[in-house]
């Protein structure tokens, strides 16, 4: 329906007051600043694909914190390296993470043209492969172990950086909720990630004691693949929009 000459503007504007027009009528003076929309928590939770991203981040964070906290213990107790050697060598995981976060940002922005979730999914697949490589490296030697830790740190830091920050903003913008929902949406995603960091302590101890470390690495590999599966629906939705010639979701 159209607006008549005397109808109020449809876009929400903040007003600074009213005055008297030339014919004695009143007119509203607007500042031009849009009124910030508010949403309930459930409005944001029902945002398309938010829970997919949050679930993927749960597993990514679980994998990263498992390796971050347990690698020194694994090297000393299972592989019987000295504590000093285990402590210094496990830093390779953190060093790899620095490069991985930077590389994934470049991969997303310059190679995948802003498709952040595709970049994250690619690095999750790489993480699954890197974990298998690390498990195999423990049967080769110390140099192979250090290199494998570097690679795993590189791959898992990428999806961690993307899913914990920019992905939530993309979903808010493409869903139409805008920046008014960003803080809560980011809180949901990061809260799920923190839950993964908490769960890893019990999970790692239980699996390593009951089934062994090789089984634990296998479980982590499966979790990385599950992260990819959770990220698949928003990526497929983006592909359908592009195929129909509509605006891409850019996620």
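Yeah, the Cβs are placed from backbone N, Cα and C, and that goes for glycine too.
Since the structure is predicted, the reported quantities are computational estimates derived from the model, not experimental observations.
Ranges compared are 49-73, 124-148, and TrEMBL records transmembrane segment for 49-73. Between the stretches 16-38, 85-107, TrEMBL puts its transmembrane segment entry on 85-107. Of the candidate ranges 1-29, 175-203, TrEMBL annotates residues 1-29 with the feature region 'Disordered'. The list of residues near the transmembrane segment (49-73) in space but at least 6 beyond its ends in sequence, with Cβ under 8 angstroms from a Cβ of it, reads 83, 86-87, 90, 93-94, 117, 120, 124, 127, 131, 149, 152-153, 156-157, 159-160, 163-164, 167-168, 171, 185, 188-197, 199-201, 203-204, 208, 216, 220, 223-224, 226-228, 230-231, 233-234, 237, 251.
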